[in-house]
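My questions will all concern the structure given below.
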């Protein structure tokens, strides 16, 4: 086994860093700080960070096939233009729920942008239950709703053969799978493939590796865990020096590095003193496994 190395590559002090996405063309990591309403782009070569500030909490960002990005801002799917720093709404959801916002989002292999909603938190992971839904923005900008009664819509990804959709509703403490129809974007046959153990805490963001195994960031658990979705077994635990780990993705040269986001909101001053890198961006090397490139939104 190669030795695993964990380093904080960017001390960003994110209130709630989320949605890391590797952009190969610019050797950059995109991520968001949800309550700070910022989309950030960290150049891994120059170490420089650029930011775009939007007018509502921004919970996920994704690449766009035609250039630029898409993001979930408030309850809107938006096109994000980095050059003029604008976010233009493509569609709006949950119009009847004024207290809702989007949370995690990711693009499927056919170029649809999946993202789910939740009620605004009164404190981290404290919120009105069952207010969220899961949606997808199709390339023609129409939106489909899959189901509601969601607490905190979170980590999502697709199996390597595109036949299974993986999904997390955080307060169910479960990683779920659905049968997936890539042609239509339809999901069926929901089942749980892994229940988190007590010390793993709350499942948050998730990504898949090139071997088809899932990596789940554990909020309040200070770790990412690697799961085998076929056997339901945990294969590996990587602990980080911060407790509020939120999401993960692969990136870097040949997607052999893992990037992990985390949060500092809701932490006591004395805990922050013990975790000075809370809210930073971490890079994990030596995992011995690679990831796959993110899919761009096709619209």
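Heads up, the Cβ atoms here are built off N, Cα and C, so glycines get one too.
Predicted automatically and left uncurated, TrEMBL annotations should be read as such.
Found this in TrEMBL, in case it helps:
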type	residues	note
DOMAIN	16-263	domain 'SMP-30/Gluconolactonase/LRE-like region'
BINDING	18, 154, 204	divalent metal cation binding site
BINDING	101, 103, 121	substrate binding site
ACT_SITE	204	active site, proton donor/acceptor
If you compare CA-to-CA distances from residue 154 (divalent metal cation binding site) to each of the binding-site residues 101, 103, 121, which comes out shortest?
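That would be 103, nearest by Cα distance.
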Would you count the other C-beta atoms found within 10 angstroms of the C-beta of residue 204 (divalent metal cation binding site) for me?
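There are 29 such Cβ atoms around residue 204 (divalent metal cation binding site).
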Any idea what the Cα distance is from residue 18 (divalent metal cation binding site) over to residue 103 (substrate binding site), rounded to a whole Å?
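About 9 Å separates the two Cα atoms.
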Per residue, counting other C-beta atoms within 10 angstroms of the C-beta, which of the binding-site residues 103, 154 reaches the highest number?
154
Could you tell me which of these binding-site residues, 18, 121, has the greatest number of Cβ atoms within 10 Å of its own Cβ?
18
Suppose we draw a 10 Å sphere around the Cβ of residue 101 (substrate binding site). How many other Cβ atoms does it contain, all chains included?
23
State the mean pLDDT for the domain 'SMP-30/Gluconolactonase/LRE-like region' (16-263).
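A mean pLDDT of 97 is what the predicted model shows over the domain 'SMP-30/Gluconolactonase/LRE-like region' (16-263).
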Out of 101, 103, 121, point to the one nearest residue 204 (divalent metal cation binding site) in space (Cα versus Cα); all of them are binding-site residues in the record.
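Nearest by Cα distance to residue 204 (divalent metal cation binding site): 103.
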I need the neighbours of the substrate site defined by 101, 103, 121. Which other residues of that chain put their C-beta within 8 angstroms of the C-beta centroid, in sequence order?
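Same chain, not in 101, 103, 121, Cβ within 8 Å: 34, 57, 59, 100, 102, 117, 118, 119, 120, 127, 152.
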Excluding 18, 154, 204 themselves, which residues in that chain have a Cβ inside 8 Å of the centre of the Cβ atoms defining the divalent metal cation site?
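Same chain, not in 18, 154, 204, Cβ within 8 Å: 19, 103, 104, 152, 155, 168, 170, 205, 217, 219, 246, 247.
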Rounding to the nearest whole angstrom, report the longest C-alpha distance spanning 101, 103, 121, listed for substrate.
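Comparing all Cα pairs, the maximum is 11 Å.
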